Every structure is written in structure tokens, then in C-alpha cells.
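Take a look at the structure below.
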């Protein structure tokens, strides 16, 4: 910071009379402490306003694009190493909220793709509150495991062929209360629909 020097008096060598020195002014402006303090203070209402603006900004980034499912070619002629075409289709989708997923028209995918088995993760929906639109998929056997916490986790499994057995959970209460895993047993294979916890401290069970 530049120093500010006040005017001083000195004695002239010739006349012996006091001589005022020229006043030196600094060109550096001192900060407005009151304005600075005001700018740095954040009040509760300002915090609330900022949170709302941030939420609105993030909402504006959401993908609102609607897919034209009719334009997609759903046929598949690919062959495996034995020169055979597929004999089963298994699809899996983290829907991030079943009701929202249906509202965006994504149920049309299931109707057009017609997978033999369709797995859903993060349904966030209780079994007694499932969207009525799911009744349109009448040819599927449907299995659900919801979280005990409202609006959280949850998985679902649709299968045209009825399984020999269906297992809910993994036998670990904390994870099973979240509704994270359904296992379907068939004659020659198992299908596991699982919603894995996010990155966190790993605990051995």
C-alpha cells in the first residue's frame, strides 16, 4: 500500500524562515471498509435466494428432448460365433424415478423392443403406488422391491417367461431395506437386477 505523507515545515537555509513543503497525495485509494464488509456478509435470505437460483439454473440443464421411437429400426440381424441370431433380449435401465420415466414416454421403448427380460433400477416407487400405465405391459410377469424410504432406490424386473423362483434382496438387512436386488432363477440361468450403492466406505459382509 502506498504511504501518505502529511505536510511538514522546514527552515530555509537562506532566510531562516519556515518553509512549507509541498503536500504529497497518494494516488492509491483506500478500500471502502463499510462497503467491503457489506459485500462479504451473506444473510439467510440471500442464501435462500442463491439456493433457489442455483436450483433453477440446474433445472434448465435438464434434457427435455423427446425421442421419436417410431424412427428407430428395432430389427437385429447380428449373429454370434455359431452363425446364429439372438434367441433372447435382456434390457436394463436406471430410470431415475419410474413415474418421471413413464411421463417422458419411455414405456414406448419396452413396447417396441419387447425384451424377454427388462430390469429397472432406481424406481423410487412403492408397489401400491405403481403407475397405471404399466398395465399396458400385460404379457410380462412383474416383480418389485421397493425401499422402505419413500422416493429412494427400488428395483423392478419384467419377464415374459415366468421364473422358477424369485429372490428379493441379498440377505443383508441394511441393503435389503433400500430395495436394491431381485434375482430370478430359470432352468439354465439366473438374472440379477441390482441397483448398486454409490461410492462410499466399503463394508465387508
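Cβ atoms are placed via backbone N, Cα and C, with glycine included.
Spatially close to residue 94 (Mg(2+) binding site) yet at least six residues away along the chain are 120, 121, 122, 195, judged by Cβ distances under 8 angstroms. The annotation Mg(2+) binding site is assigned in TrEMBL to 94, 122.
Positions annotated as compositional bias 'Basic and acidic residues' by TrEMBL: 16-26 (among others).
Residues or ranges marked as compositional bias 'Basic and acidic residues' by TrEMBL: 44-57 (among others).
Summarising the annotation, TrEMBL assigns domain 'Endonuclease/exonuclease/phosphatase' to 92-163. For the domain 'Endonuclease/exonuclease/phosphatase' (92-163), the mean pLDDT of the prediction comes to 94.
Under the heading region 'Disordered', TrEMBL lists 1-59.
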Counts by DSSP class (helix H/G/I, strand E/B, coil) across the domain 'Endonuclease/exonuclease/phosphatase' (92-163): 21 helix, 18 strand, 33 coil
Cβ packing number for residue 122 (Mg(2+) binding site), 10 Å threshold: 21
